[in-house]
Structure formats: structure tokens, C-alpha cells
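Feature list (source: Swiss-Prot):
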DOMAIN    5-53  domain 'F-box'
REPEAT    115-142  repeat 'LRR 1'
REPEAT    164-189  repeat 'LRR 2'
REPEAT    203-229  repeat 'LRR 3'
REPEAT    238-263  repeat 'LRR 4'
REPEAT    294-321  repeat 'LRR 5'
DOMAIN    346-384  domain 'FBD'
């Protein structure tokens, strides 16, 4: 009998490459035993992803770390051709001197995507990283870096993600402005940072940290913004500016489609002298999510009103009330909804979700406003933070009394 055909060895190169790219690097290397033709097929992979699962588990972390270093070094030594992506996720610290050598190797191999997710403690990024001028994506976690003076930026970088990075504020700003093609920017766990962002092609912005101030100086193409902003309990330092933060932060983003804000973000937007109407109508804005809004603060409620009334195509609104009570409501603030807001129409609003409602005046008035100005509204979902059943029932009865301009509008009450 003749030998059966060796289908594995005779697979087209494109199919072999497709198979290898779907495997972990460890399993890809194991394909070397399939046949002599497969022995070094893995060595031309352009995307290399490493983590602690690349080596056999052991109760001795030192053994695992040593094996991981040897594994990565061996892969790089045997690799042939360009490396487009290199990703390392590890909590080990002793391998950090080896990372310097790996980055030097990568800087000479046309690396385009670099991801370093390291454990606690800052890893000082070597200068050779800034020689990786073909980078299109850079993600660093628990690192420290200070670019050399000759560094002018990454001309091709489109995505920048920095998580818990030790770096001077001016370095961040210089890095961002030195990436003219940047489309995605994420900065998280930054403390006491005054940040100016100039990125003419930026489309997606995610910020998480204790920012003192944020300036969007040149971001005309932004379509999505998400900000988690933390402040000290004493916010007097943030009350000094006469510029209205809502205008300062959102005054130059005409293409905005989605806005999400957490913690003190609405408070931050409310600071400064309100100019009246906003200078910009957000015709593309379809989703607004603002969490932990203090409905006892008339200025924060005004931010909500300003945003929804200047977003004619808004479809979805999510708001959570702040569980804290920072100060009593001033009586003169009660005329907020007696202005001309009920002359507005929200022609596209379909879905509203209010969470952690406690039934205070401004919460109820805001819901009444939405019901009375949204002709295509379908659902208003309300969940309450009240523990007293009678108080909760009073709130429900009050809300059911409000007129609705949409014949399809439904009020749904959920138990927290």
C-alpha cells in the first residue's frame, strides 16, 4: 500500500499562517512537531503575545520567571522577519533588565504595536523605545519614562494608552502633540494633573484620574469622550476660574457623538461663570451618560439642561444621582425650571434611565422636563436609593402625575 497523503504538510502557506495566528505563541511553537515543513513556520509570525501562561506553572515564582525570560529570549533569537506586534503581560519584576534587551531588538525590527502590562512598581522605559518610529499603537502600564531630547514624537502613532505612568505633565503634552495621526487616547490613574490636549485627528478620549484641569485645545474630530474625574473633598481650588468649564472643555468638539462622565465630572463642568446659551450645538451627540450628579447643586443640574437642550439628535440619556449631600439647596435656585426650558423640544430622545433617585425637587423637575419635551420618548426607567417604602411610593405617585408629550412614553420603576 502506498503512503497516505500528508495533508498537513501540503497545506497552502496562507492557511498555515491563518492557523498559526489563531494559536497562542506556546501552541504555535508546538506545531514544529507536526512535520519537517512546519518546524520553523512559527518563526515568521509577526504578532508575538507573551504572558505567564507561556511556560509551565510552578509554585516557585522564581522558576516560572526564569523560564519565561528564557522562552521570550529564545523566541526572539529564532524569529525571522519583521515583528509588528509585541505584547508582554507579567507581574514579575526580575525580568525587567531583559525587557531592555528585548526592546532594543524590537526597535530594529519595525515594531508597530507595543504593549507592556507590567506589575506594581514602575519600569523605567529605555531610550531605545523612542527609536521605534514606526509605532502605530503604544500601551504602557506601570512604567516610568522620560524621552530623550532628540525625540520629536511618533509620526505614525494612532493609539496611545498610558495606565499608572510616572511622567512629567509637560512630557505627556509633548508626546500627544508629537503624534499628529493620534486617534485614540487613554490616560488613567494620573494624579494632580493639569492637562492640555492638542491632537487634530483624535476621535476617542478616555481619562481617569485626579485632574486639576483639562484643556481640549485642538480636538475637532472627537466623537467619544469618557472622563472619570476625582477631586479632593475641598473643591475650593477648582472654584477660582471665571471661565465656564462646560464651554472650555466641550466648546471645540462639534462632532461629538457620545459623552460619558463619572464621579466629579459634572461638578467640574459646572464650575465658572455660566454665559447663558452654549456657543455650540451638538448635532451629532446621540448618547449622554453622567454618573453621580448632585441634584442638590443647581449648577450641576444646569449642566444637564445645557447639554440636553443643545443636543437636538440626542437619543439616549443615562443619569445617576449622587448619594452624597454636600450642601443644602439654595432657595433662589428653585426657579431653574421656571425659565424658558419648557419651550425647548428634545425631538429625538427615546430612552432615559435615572438611577439612585431620592425624590428631591430637582430630580423630579428634571424628569418632568424630559417627559414634557420629548415627543418620541419611549421609556423612562427610574430606580430609587430610598429605603423608606412610603417615601418611595410618594415619589412614584408624583412622577405618574406628570404629563407626557409622547403617546408611547412609559415610566418604569425598578427596585435598587
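Backbone N, Cα and C define each Cβ position, glycine as well.
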Quiz item: By a Cβ-Cβ criterion of under 8 Å, what residues six or more beyond either terminus of the repeat 'LRR 3' (203-229) are in contact with it?
Solution: 183-197, 237-238, 241, 248-250, 252-265, 268, 284
Self-check item: Within-chain partners of the repeat 'LRR 4' (238-263) [C-beta distance under 8 Å, separation at least 6 from its ends]
Solution: 212-231, 269-275, 278-280, 282-292, 303, 306-307
Exercise. Using a Cβ cut-off of under 8 Å, list the residues of the same chain at least 6 residues beyond the repeat 'LRR 5' (294-321) that approach it.
Key: 246, 259, 266-267, 269-271, 274, 277-278, 280-288, 327-330, 333, 336, 341, 344, 346-358, 360, 362-363, 366, 369-370, 385
Practice problem: Taking helix as H, G and I and strand as E and B in DSSP, count the residues of the repeat 'LRR 5' (294-321) in helix, strand and coil. | Solution: 12 helix, 6 strand, 10 coil
Quiz item: When DSSP states are grouped into helix, strand and coil, how many residues of the repeat 'LRR 3' (203-229) land in each?
Solution: 0 helix, 21 strand, 6 coil
